[in-house]
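Per TrEMBL, these features apply:
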type	residues	note
REGION	1-41	region 'Disordered'
TRANSMEM	94-114	transmembrane segment
TRANSMEM	120-139	transmembrane segment
TRANSMEM	151-170	transmembrane segment
TRANSMEM	208-226	transmembrane segment
TRANSMEM	232-253	transmembrane segment
TRANSMEM	308-332	transmembrane segment
TRANSMEM	352-372	transmembrane segment
TRANSMEM	430-449	transmembrane segment
TRANSMEM	461-484	transmembrane segment
TRANSMEM	490-510	transmembrane segment
Amino acid sequence: MGDEARSEVPLAVLQDRPASTATSPAPPPADPGSEAGQQLKELVQIQNPASAAASTPTAPTMGECSTEYRGLPGGNNGVADGAAMATPASLRKVSIVPLVFLIFYEVSGGPFGIEDSVGAAGPLLAIAGFLVLPIIWSIPEALITAELGTMFPENGGYVVWVASALGPYWGFQQGWMKWLSGVIDNALYPVLFLDYLKSAVPALGGGLPRAFAVLGLTAVLTLLNYRGLTVVGWVAICLGVFSVLPFFVMGLISLPKLRPARWLVVDLHNVDWNLYLNTLFWNLNYWDSISTLSGEVDNPGKTLPKALFYAVIFVVVGYLYPLLAGTGAVPLDRSNWSDGYFADLAKLLGGAWLMWWVQAAAALSNMGMFVAEMSSDSYQLLGMAERGMLPAFFARRSRHGTPLVGILFSASGVLLLSSMSFQEIVAAENFLYCFGMLLEFAAFVLLRVRRPDAPRPYRVPLGTAGCVAMLVPPTALIVVVLTLSTLKVALVSLGAVAVGLVLQPLLGIVEKKGWLRFAVNEDLPDIGVGHHAPAAAADDEPPAP
């Protein structure tokens, strides 16, 4: 939409502009009308914001987060229609410790939900899966997120990556598929929450009590997201510590009962490969989701890569430790290994008190995963609106600085999908997620080829050929996951993709007709995907909630 109004910052400016100006010598005089003079003018504006405010505004460029890619200032950020897009200056940025736990909850939240891997394939393949898949999937995805998330530290996240490399149309498709996948994923957590509690409260197994429980839980957690990302981050820390402690205790109790031979049990003739791979894939993906919160992170150029590194270790250990304890200490009955079985294992190993602890941890873990995923989904919508891909009202923030409209849209999607079964939800969101990851892989390689010297605060320590080789195993895994999907899941997912293909042109028509306002945040760097809607009176906008 509006490609003709977009202009790209010259790559020479991106390449030549230094990351830090603290010790740079004074530049020589230059003709203000020349190209060098224009570059010097832009550099002075970055070094001296006061002089920049009094001069003609120019588009910032990508670069080190502490200098060239600044967080959004207060005010309306030069947005054409006066939409409140800025993060209020008084709001605190997310630091590394809450960020690690937010990533932990985006990806994992603990071992709840991994039980199906044992039921589908037995102990050996389950353990091997959680050892091998992080290497061929989680680490490459985390590395891509670290590089592109620091190259584009704004709330659009992977939408901006794809839009910059493939154009705004495919950027929108990426946003649609990833948002829908995230909402489907978030619909899992009320299901898992109630699955762990239904053994203690049978009424939660179905009917009206279950429906009211889902509604109440969604409302409470949505309110928590409304109160602010910093609150969500510190809540994630508390929930994370509480959620992993019972498994640490269960592992200690299981030590005298461990029989390592039980870890080696495998029956290749009796493996549900579809359930096995979907369970592994679901429990080890979504590393890129944190990129949609990059604009809210304190010094993302340094903080984001470190947080991803620590989170990978945290997640993998958090899966393997209870899996080894549970399969090694109790005789195997694969029919028992399904959602919620860790609570039964805790009772067998430690008694009723440990079972109740695991159930409480499961409940709180699902709360943590819900708020983390909703934060990612809602800030993604805000970032897309700031790039002009969605109507401007998606970019409005509440008095707490949170994307109120995005939160409400995401919560509505969760309520609509929460009636699906666990297996249906996992398969559907995996299918959509695979398409989005293929676009991310393509964007990563294309940006390496087309902009090899563009500033990257973190860079994957591989050349272009090495990056392509790194992406071969995860791409093969995506093909396998898509191939093993059922016809029902494939048809529903492809139908959802088709909606996005039509929705983007329809939004273009809505914009041209003036039915809804679209605007680009002018303080974001011009990456060739922004556009400006016709100017409108700012006083037409109601105040932010």
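Any Cβ shown, glycine's included, is placed from N, Cα and C.
Any TrEMBL annotation is an automated prediction that lacks curation.
For the transmembrane segment (208-226), the list of distant contacts is 190, 193-194, 232, 235, 367, 370-371, 374-375, 378, 398, 400, 402, 404, 407-408, 411, 414-415, 418: same-chain residues at least six beyond its ends, Cβ to Cβ under 8 Å. Relative to the transmembrane segment (232-253), the listed stretch 352-372 leads the set 151-170, 352-372, 461-484, 490-510 in CB pairs under 8 A. Cβ atoms under 8 Å from those of the transmembrane segment (120-139) belong to residues 107, 114, 262-267, 270-273, 275-276, 279-281, 283-285, 287, 312, 315-316, 319-320, 323-324, 327-328, 332, 334, 473-474, 477 of the same chain, restricted to positions at least 6 beyond its ends.
Outside the transmembrane segment (430-449) by six or more residues, the chain places 141, 144, 147-148, 151, 158, 161-162, 164-166, 170, 173-174, 177-178, 180-181, 184-185, 278, 281-282, 285-286, 288, 464, 467-468, 471, 474-475, 478, 481-482, 485, 489-490, 493, 496-497 with a CB less than 8 A from a CB of the stretch.
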